[in-house]
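First the structure, in the form of structure tokens, and then the observations on it.
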Amino acid sequence: RCAGRVEVQHGGHWGTVCDDDWGLPDAAVVCRQLGCGAALAAPSGAWFGEGSGPIWLNGLRCRGTEERLALCRHRGWRPHVCAHEEDASAVCSGGLRYPPTHGSQGPVLALTPASLPGGPTVRLVGATGRCAGRLEIFHAGHWGTVCDDLWGLPDAEVVCRQLGCG
């Protein structure tokens, strides 16, 4: 259930990770950091669709034991010359074997899942953990916020289910 394109927030902007040198040890760190269990696969080639914005990381060389992606060796935090058709992805077991990293240093990390048939891609940003924050929705190639007019608990429950947060 925890699966999608790997996205990181750096300097207040979301971006993707290039799949150059991407492998299972890198996906293992992503899954651990998000509290999504063990890594099952590390698809390359924008398996879950192409992202947008900067490509913040390239040439990741995780050992697979790091607590956060920011602790892995890489070619630096900057926009890289890499096409979004090379966006890295991770597929996790979905079991919450590892507690989410709260209050950690470094960038925010998220998996942006492929859209469900007939449904938009959503994410929660601006808080610790992947299951809390401001709701954003991906539409027409851009992330935007959702107005809270008439928003209620039933709406929040749908988002939580869609994100695998209970």
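Quick reminder: no glycine exception, Cβ is built from N, Cα and C everywhere.
As recorded in TrEMBL:
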type     : residues    : note
DOMAIN   : 1-93        : domain 'SRCR'
DISULFID : CYS18-CYS82 : disulfide bond
DISULFID : CYS31-CYS92 : disulfide bond
DISULFID : CYS62-CYS72 : disulfide bond
DOMAIN   : 122-166     : domain 'SRCR'
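A C-beta separation below 8 Å, combined with a sequence spacing of at least six in one chain, links CYS72 (disulfide bond) to ASP26, VAL29, LEU60, ARG61, CYS62, ARG63, GLU66. You'll find the Cα of CYS92 (disulfide bond) roughly 18 Å from the Cα of CYS18 (disulfide bond). Residue pair CYS18 (disulfide bond) / CYS31 (disulfide bond) shows a Cα separation of 17 Å. CYS82 (disulfide bond) and CYS31 (disulfide bond) have their C-alpha atoms 23 Å apart, to the nearest angstrom.
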